[in-house]
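*Asks:* Structure provided below as structure tokens; questions to follow.
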Amino acid sequence: MPGAEAVLRHTDALLSLKRPHEAERLLRPALLHEPENASLHLQLSRALAAQGNLEQAREEARRSLAIVPGDVRALLQLSAIEAARGDRPAALHAARRAVANAPNSAAAHCQVGAVLINSGSAQDALFELRKARGLSPEYLNGATTLALAHLQLRQYGEARTQVADALRLDPSDPDAHRVAGLIEAVDGGSRDALAASREAMRLDPLDALNREAFAEALKSRNPVYRFARRHTRRERSHGRIVRSLRIYAAALVLFLIAEFVPRAAVGSSIVAGLLVFALWSIDPASSLVVYLSGHRDVLTTTVRRSVLGYFALCAIGVGSVVWGLIAGHPEPLWAGVVAGIWAIAAGHAHRALPELLPWLTAVHVIGGALVLVTCVLAASGGEAFVQTAVIVGLGGLVAWFGEILDWRTISAGGES
């Protein structure tokens, strides 16, 4: 049995080659011989995280910390895992512990900044990331992460400056090319975004973030999608209170129209509903175009499921609406509305917290079956149609809002 140092060197090489399964197979026997070796536990955590096994990866990182309390490497690994799990408060807590234990560590300050960016607090992240750059100007990850903070704040000139610095440090760094593609997708041209994202994919084709960025660049070829993304970033910069006030104002306008201009109430509600459906369809529809254009491999399994669910329910909804218009009956039209609600919910299901995804799959299977039941009742003129349509439609709204709300941020009282 090779010694721990040899195993660590070998598994380092395997992890750099994106072969975490082989690394795990080497690390587990080594841990049987040296169960109190913190470095082996930490390396196993890295291998498990690379395979997407985040729960076991978190346990191994905690075991490493139990052996060497306060170890900065283990704290940073734990923070990265918690961020991948979607538990931002836990990720931020671990990263701040790392900074407290190693205040001169650029990597620790950079991790705090990365978690803050992921939490929608890019302005707060700037201090930590500038500190990281000041501590180590040659630290590549500091430059790319600072570029992401400027991108989130719509400071595109500063973001490009940081990316250029990162590419100066390492012209072959896939992360720098990926971030350059994200900047161009928002504030440049789709051709430049595709070129940068394709280069990141060429340098590291197995990296999930590179594939996601390439998919984003493909979707940005659609000018409507690009406009919607820019509008979304601008809206997020206003804060949750302003965004909520705009929603309440729109609802108030509809209420006033219904109260004082009853004849226009139905038409206004239909227009508002179609507008909401169209706006929330931009992302899943763009992903569907990517799926059908031969680039489905860059979409994650979760996104592909969302796209197919969106497409199927949209087809049902459109069919119901066309049938209702031809037949002149209102029931199929309302069945189409219910299908449209569930289509939007399915199209955004991949945005939910990771631990909710298995449950949401079951919810959407049941929801799809109930949509079909609603359509059957609309066709047969069943007495229970109205009650069924209302209940199934409300269920779709609950699923939709449950997916897009950040429950952890809300429960922590955060501002997104």
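Heads up, the Cβ atoms here are built off N, Cα and C, so glycines get one too.
According to TrEMBL:
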| type | residues | note |
| --- | --- | --- |
| TRANSMEM | 245-264 | transmembrane segment |
| TRANSMEM | 270-294 | transmembrane segment |
| TRANSMEM | 306-326 | transmembrane segment |
| TRANSMEM | 332-349 | transmembrane segment |
| TRANSMEM | 356-379 | transmembrane segment |
| TRANSMEM | 385-402 | transmembrane segment |
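Walk me through where these features lie, including what they touch and how far apart they are.
*Replies:* Panel annotation: around the transmembrane segment (306-326), residues 281, 284-285, 287-288, 291, 299, 332-333, 335-340, 342-344, 346-350, 364, 368, 371-372, 375, 378 of the same chain, lying at least six beyond its termini, place a Cβ under 8 Å from a Cβ of the stretch.
Residues 273, 277, 280-281, 283-285, 287, 302, 305-307, 309-310, 312-314, 316-321, 323-325, 357, 360-361, 364, 367-368, 371, 374-375, 377-379, 389, 392-393, 396-397, 399-400, 403-404 of the same chain lie 6+ residues outside the transmembrane segment (332-349) yet bring a C-beta within less than 8 angstroms of a C-beta in it.
Counting residues 6+ beyond its ends, the transmembrane segment (385-402) has Cβ neighbours under 8 Å at 331, 334-335, 337-338, 341-342, 344-345, 348-349, 352, 356, 360, 363-364, 367, 370-371, 373-374, 377-378 in the same chain.
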